[in-house]
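Read through the structure below, which is laid out as structure tokens, and then see the notes.
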């Protein structure tokens, strides 16, 4: 090849490479423009909710493989804003209960860093449901687990974690510090309340939106305490039941109405209920009902009915002859709507719940009438109003060969249904005092929700072998 031919060949090659480079550049530019303007075709992105007027959220996606940065501006309109929860829907019809979640915390804790907890519950928000409990500030295998049978210490805190997981130092967040708690979401943000301090001068701190808003001092100097399960909000108003005073005599109970963590109204307990502790509350049809524990006298549970719009309440006892506290006597021939039914030993009571909805009413109780073992759900039509109402069906949740504990109500109020589906949890206590070969007291959780279908029973017990911890 002569010199001229070489020059022509090199020039042609150079021109070809230039054209190819130009085409690649044009394609790259087109790709960038296409990705920029086709926001509607991108995958769903979790965009923070903004409670103000229209705002701009900027998302920067770095794609190192293609060596470009794509900056996308997404305009959020008022249509995407949150609103306060409205409790106008009725309860769903329930014919049985389906499993929702079981964390197996004790079983997993035999070989993992699982926190010692008690007084657990579940609570939902617009994004989903989380598990809550009062941590003891130590793990099952930690040396500080010795002595965690005690309810009140400076080391306890209300923690929450993703539903279905076991609580560990790595997946939990602290909601507030204390040894008694309640928490609920009003549709805009979460309110959490924790009690802490010495028995004779405890106080409550009310958190809203992740910040402390209100403090409440003790009013009777005897273990200021609250629900140990979720509160419920309606149009921004969140009533909470608190008690201060003796556990075995008349105490001072108040219903405190909060909005955005600030007190709107305080009511002294009114009605026939003589002692109130550890209420399990739910809302439907614009009304909030709290089924509580009479630790002084009653084996029948007190019921507080709250009108959150008027900020008023009444109280009475569950009328049914089916007694649901533990310990309790045998079910009598007739119930009592206006006074406690006494009897039962040795335990004065346990936290429990019910869903009271006419023919669609369900009561939960331990299978044993003397100890916190086993758990069953009983369908008892008109249990709230009929002194002769009895069960027409039942479902075993935990068999009587296994320990249960506290139980309580919750509802996913943001589920896409035409009614509010009742749900409940059962605390599965392990360790002391019943199993004294270990130094700790802790629990796992099982949660179930209502089904219109008629499903079978099974025992959802804790399942940990205590011998593995010895």
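Every residue, even glycine, has its Cβ placed from backbone N, Cα and C.
Noted in Swiss-Prot for the protein shown:
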type: ACT_SITE; residues: 151; note: active site, proton donor/acceptor
type: ACT_SITE; residues: 406; note: active site, nucleophile
type: BINDING; residues: 294, 298, 325, 348; note: Ca(2+) binding site
type: DISULFID; residues: 92-419; note: disulfide bond
type: DISULFID; residues: 124-129; note: disulfide bond
type: DISULFID; residues: 176-194; note: disulfide bond
type: DISULFID; residues: 184-231; note: disulfide bond
type: DISULFID; residues: 233-238; note: disulfide bond
type: DISULFID; residues: 279-292; note: disulfide bond
type: DISULFID; residues: 281-290; note: disulfide bond
type: DISULFID; residues: 319-337; note: disulfide bond
type: DISULFID; residues: 423-449; note: disulfide bond
type: CARBOHYD; residues: 51; note: N-linked glycosylation site
type: CARBOHYD; residues: 54; note: N-linked glycosylation site
type: CARBOHYD; residues: 62; note: N-linked glycosylation site
type: CARBOHYD; residues: 67; note: N-linked glycosylation site
type: CARBOHYD; residues: 70; note: N-linked glycosylation site
type: CARBOHYD; residues: 86; note: N-linked glycosylation site
type: CARBOHYD; residues: 146; note: N-linked glycosylation site
type: CARBOHYD; residues: 201; note: N-linked glycosylation site
type: CARBOHYD; residues: 402; note: N-linked glycosylation site
type: REGION; residues: 91-470; note: region 'Head of neuraminidase'
type: TOPO_DOM; residues: 1-6; note: topological domain 'Intravirion'
type: TRANSMEM; residues: 7-27; note: transmembrane segment
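When other Cβ atoms within 10 Å of the Cβ of residue 406 (active site, nucleophile) are tallied across all protein chains shown, the result is 24. Candidate disulfide-bonded residues: 176, 281, 319, 419. Fewest other C-beta atoms within 10 angstroms, 419. Proximity to residue 86 (N-linked glycosylation site), defined by a C-alpha to C-alpha distance within 10 angstroms, is shown by the following recorded positions from 146, 233, 279, 298: 233. The Ca(2+) site is set by 294, 298, 325, 348; from the centre of their CB atoms, other residues of the chain with a CB within 8 Å are 275, 293, 295, 296, 297, 299, 300, 301, 340, 349. Between the CA atoms of residue 423 (disulfide bond) and the residue listed as 'active site, proton donor/acceptor' there is a gap of 26 Å. Each residue contributes its Cα atom, and for residue 194 (disulfide bond) and residue 184 (disulfide bond) these two points are 12 Å apart. Highest local Cβ density among the disulfide-bonded residues 92, 231, 292 belongs to 292, counted as other Cβ atoms within 10 Å over all protein chains shown. Taking the recorded positions 151, 294, 325 in turn, the residue surrounded by the fewest other Cβ atoms inside 10 Å of its Cβ turns out to be 151. The disulfide-bonded residues considered are 194, 423, 449; of these, 449 has the fewest other C-beta atoms within 10 angstroms of its C-beta.
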